[in-house]
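Step one of this worksheet: look at the structure below.
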Amino acid sequence: MTSLRVAFAGTPEFARAALARIHAAGHDVPLVLTQPDRPAGRGMKLQASPVKQLALDLGVPVAQPMSLRLDGKYPAEAAAAQAALLAAQIDVMVVAAYGLILPAWVLELPRLGCLNIHASLLPRWRGAAPIHRAIEAGDTQTGITLMQMDQGLDTGAMLLTAVEPIGPADTTASLHDRLAVLGAELVLQALDAAAAGTLQPVVQPLEGVTYAHKIDKREAPIDWSLPAAVIERRVRAFDPFPGATFSLGGDTLKLWSAQVVDLPAGHGHAAGEVISTEGGTPLVACGEGALALTQLQRAGGKRLSGRDYLQARPVVVGVRAG
């Protein structure tokens, strides 16, 4: 293996796994770029990103500019980051869920370019929330694409891909963790190939482009008029954030797990109606079919099975979930 000088740009837990593998593999990481510390938790105290926390543990210098645009709102911070990158004399930059747009001067600086770890099989699910949207859409597989970055939104040439199945019980949390590991493995292959000069970029096809728009908290409320299968996928897609929310018997709840139940044609139940509690699980009619609510959480409480919830908060058949 040829050791490269690798700048790393990333912020969340997804990116942390890649930084750890790059460093452990023996590549020299002279600089890490990550988002500025943000308020988090109940006390809203400033908290470092997972990538920053790891970089500090590894003794790697960290830069946290608000922007990298030299002509933007924070030109001094961008100029300082530019100086740090130039001084680092990097061969390549690896980018994973960084959260800032990379202007042309960044893309052109490393001799081997900027490699992006994207959590989908491009060109499907370009954009900010590819894991969530793949589950929500009912995709049976997704994966990782290693991409040579350009100035478009996830439009660069594909370098390497790896496929990951999506299981019927997968949530964004479970799929995220597997893809983070897969991305870390794939980026090491890409760095070895880049050092050897054997990477073969493939232009993304024009067909099959979809966009994974950023998840909005306003998507959380459950629309019971939708088919049960659609709602069930959204429940898994929105775990852990923002959660699928609804109201029942005066409680504000998050639904973390549900099972689709077929109903006969002409059943006569309204969407959102609790039609049974037999077997210890609330069964709610949807626009098509019904959902057995198998794991719920009251505001401020812990996650409970449907049975445990009913024991604590009995539900009358016929009431409507909001």
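Just so you know, glycine gets a Cβ as well, placed from its N, Cα and C.
According to Swiss-Prot, the feature (6S)-5,6,7,8-tetrahydrofolate binding site maps to Ser120, Leu121, Leu122, Pro123.
Counting neighbouring Cβ atoms within 10 Å of each of the binding-site residues (Leu121, Leu122), the lowest count belongs to Leu121.
Within the same chain, residues at least six positions away from Pro123 ((6S)-5,6,7,8-tetrahydrofolate binding site) with a Cβ under 8 Å of its Cβ are Asp154, Thr155, Gln204, Pro205, Leu206, Glu207, Gly208, Val209, Thr210. Listed in sequence order, the residues His118, Arg124, Trp125, Arg126, Pro130, Gly143, Thr145, Asp154, Met158, Thr161, Gln204, Gly208 complete the 8 Å Cβ shell around the (6S)-5,6,7,8-tetrahydrofolate site centroid, once Ser120, Leu121, Leu122, Pro123 themselves are left out. Neighbour count (other Cβ atoms within 10 Å of the Cβ, all protein chains): 25 for Ser120 ((6S)-5,6,7,8-tetrahydrofolate binding site).
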